[in-house]
Amino acid sequence: MYHLFHSRLCLPQGLRSLLAQRMPAAKLLPNDSAVAAYARHRRVVAVGDRVSETLIRHGVKPWVMVFDCVEARRDKTCPSIPEGYAILRTRNERSTVEPGAVEVIRKALRQGHTVVRVDGEEDLLALPALLYGDVGSVVLYGLPGKGVVAAAVNREAKLLAMRVLEFFEPC
């Protein structure tokens, strides 16, 4: 699976509508309270500014937070970072998965209590988080206008993430 990330991968137009939906077998959490309740006793990887902010505001400390300080294509204040968290930075262009960003995600997943601050866009980094996350953990990411997707990291989710990434094109 690592061979996928030797070069930048671009999201093909045909996959955009698929990725704008909830993953099969994932839960859709409709509001902040549901997100916090679901995440409270789990190892969570939060992908996105709003998801990260929601968890921190409700006293949930994610294992890893990935955000870009942009929401709906507008700059915003970065989520607050809990004391004791390491901060890693990476670059990831819009509609891509960059090899360097994947390596930073893997490092963050290994060490935990880490923020990955993305220059560019973090949305598609939920896929490598699923691919490399520990079985039993959960990846939370926003689905604009619908809520937050909670995708359990298990064998099936890893295979699905890998299959989706295999449709991306080197660019």
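Residue 1 is the first one shown; counting continues down the chain.
Placement of Cβ uses the backbone N, Cα and C atoms for every residue, glycine included.
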Field: Further binder of GTP named by Swiss-Prot next to D49, V51, E122, taken from the candidates D32, D68
entry: D68
Message: With Cβ-Cβ distance below 8 Å and at least 6 positions apart along the chain, what are the contacts of V51 (GTP binding site)? List them in sequence order.
response: V35, L140, Y141, G142, V148
- prompt: Relative to the Cβ position of D49 (GTP binding site), how many further Cβ atoms are located within 10 Å?
  reply: 22
Query: Rounded to a whole number, what is the top Cα to Cα distance in Å among the residues the record ties to GTP, namely D49, V51, D68, E122?
result: 12
Query: Of all the binding-site residues here, D68, E122, which one's CB has the most other CB atoms within 10 A?
result: E122
